[in-house]
Amino acid sequence: MKVVQGDYRGEGLKIAVVVPRFNDLVTSKLLEGALDGLKRHGVSDENITVVRIPGSMEAIYTLKRLLDLGVHDAIIVLGAVIRGETYHFNVVANEIGKAVAQFNMTSDIPIVFGVLTTDTLEQALNRAGAKSGNKGFEAAMVAIEMANLRKRLRRDVFESDSNGR
């Protein structure tokens, strides 16, 4: 039996972080957490690309462009979609979630979903470092692990299958 998994060594990895300005009180804290996680685990400043966008819906376009460039080992998308009085919350939350899932099914580069979908600003702030940890930091850990898993799958599974069969 072969077990393949990633690890948390970020040295040499190139990571993009897409973060909206909308709900900046929350998203800036998510970004701080993500950058802290990446740097603590060895991803250097020169290998981190932060892309600031207006809102979460613009992440879909931005993710597609970053995937087309193909220079990153993983991409993190952050955001905070907070329920309001209209149906807009549902549209934004559903569309960004569907887009990330679709890109993950069709791309070779892992995209990590770090978009908070909450009922209140307080819930969002709690998940951005106030009480419940920082989901940006957690997204950084997932990005590093998935980037390393991607490399290992190529090396340990693909190469051994193509050489051995």
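Even glycines carry a Cβ here, placed using N, Cα and C.
Under the DSSP three-state reduction, His88 (active site, proton donor) is assigned to helix. Around His88 (active site, proton donor), no same-chain residue six or more apart in sequence has its CB under 8 Å from its CB. For His88, the entry in Swiss-Prot reads active site, proton donor, with the evidence type sequence analysis.
Here Swiss-Prot flags Phe22, Ser56, Met57, Glu58, Ala80, Val81, Ile82, Phe113 as 5-amino-6-(D-ribitylamino)uracil binding site. Every protein chain shown contributes to the tally, and the Cβ of Met57 (5-amino-6-(D-ribitylamino)uracil binding site) ends up with 18 other Cβ atoms within 10 Å.
Per Swiss-Prot, the feature (2S)-2-hydroxy-3-oxobutyl phosphate binding site maps to Glu85, Thr86, Arg127; the stated evidence is sequence analysis. In the shown protein chains, 24 other C-beta atoms lie within 10 A of the C-beta of Arg127 ((2S)-2-hydroxy-3-oxobutyl phosphate binding site).
Cα to Cα, Arg127 ((2S)-2-hydroxy-3-oxobutyl phosphate binding site) and Ile82 (5-amino-6-(D-ribitylamino)uracil binding site) are separated by 12 Å.
Taking each of the binding-site residues Glu58, Glu85 in turn and counting other Cβ atoms within 10 Å of its Cβ gives the largest count for Glu58. Spacing of Phe22 (5-amino-6-(D-ribitylamino)uracil binding site) relative to Thr86 ((2S)-2-hydroxy-3-oxobutyl phosphate binding site) is 17 Å (Cα to Cα, whole number).
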